[in-house]
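> Let me give you the structure first, and then I'll get to my questions.
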């Protein structure tokens, strides 16, 4: 059975704390296992999680500030150490290619893993992945930064009562689904007549950024939104100055974008009590709210089921 879930490796921002590792997030999306923003210590955090290096199929880096990329050397070397048999795609801002090369070859090692290096050089760039499309959008931060959005294509679900009414059963259902129409007793029945739309699932990953149109574009109708909330509202001016969000801002984005499950993360070390983030976000968001914790697993909500009409 396919699995779609987020595994949190770390939740700290610029500086880790005794209880918070640098950033690191793994998205299980069926056969795709994507590591986002491996900060310092990510390789060790993987050992404590349900994810192994050999599971990884793709790495996505939003930008080259240390808390989002210093785990790359260890992770990349681990891919070779464990002799990962499949290519691992790597995406990052094209303007940071030199940083990536330095991190990739930060020390001597026997490289056996195959990396498919695919930099992001265009706002809105799309990459075909298994069971979806990965899109990158340029965010507002002091250095080149991209957020990522993974979208499953919309589909349809067959309605048993309508199939039965037309006398369609067995292999004929598969033919109708595949071809789009079926001739039954001298009448052509279309797939639309016996099915209802099934919206694809949507996942969004928004790290270091000030408010901008791209934040909303990434978050739009996301089933699961993972978004930075470095500061509380008392530091709104500072957040804007350094290109970050507050918990209140992240929560409002989620509400205005129709997000179903909101995961707040990337907390400043100045805040030992994360319950304040939950309280602030709850003032603006009534959906499913998660305050990320190390080694937490967060499921992607089931697909939306619209009315059959």
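Cβ atoms here come from the backbone N, Cα and C positions, even for glycine.
Here's the feature list from Swiss-Prot:
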BINDING   63, 65, 141, 208  Zn(2+) 1 binding site
BINDING   67, 68, 208, 266  Zn(2+) 2 binding site
ACT_SITE  67  active site, proton acceptor
> Check each residue in the chain of residue 141 (Zn(2+) 1 binding site) that is at least six apart in sequence and keep those whose C-beta is under 8 Å from its C-beta; list them in sequence order.
63, 208, 209, 210, 243
> I want the residues beyond 63, 65, 141, 208 whose C-beta is within 8 angstroms of the mean position of the Zn(2+) 1 site's C-beta atoms, in chain order.
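These residues sit around the Zn(2+) 1 site: 62, 64, 68, 139, 142, 143, 145, 207, 209, 243.
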> If you draw a 10 Å sphere around the Cβ of residue 65 (Zn(2+) 1 binding site), how many other Cβ atoms fall inside it, taking every protein chain shown into account?
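Within a 10 Å radius of the Cβ of residue 65 (Zn(2+) 1 binding site) lie 21 other Cβ atoms.
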> If you measure residue 65 (Zn(2+) 1 binding site) to residue 266 (Zn(2+) 2 binding site) at Cα, how many Å is it?
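Cα to Cα, residue 65 (Zn(2+) 1 binding site) and residue 266 (Zn(2+) 2 binding site) are separated by 13 Å.
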> Using the CB centroid of 67, 68, 208, 266 as the Zn(2+) 2 site centre, which other residues of the same chain sit with their CB within 8 A?
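Neighbours within 8 Å of the Cβ centroid, excluding 67, 68, 208, 266: 13, 14, 23, 37, 39, 62, 63, 65, 207, 228.
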> 67, 208: which of these binding-site residues has the sparsest Cβ neighbourhood within 10 Å?
67
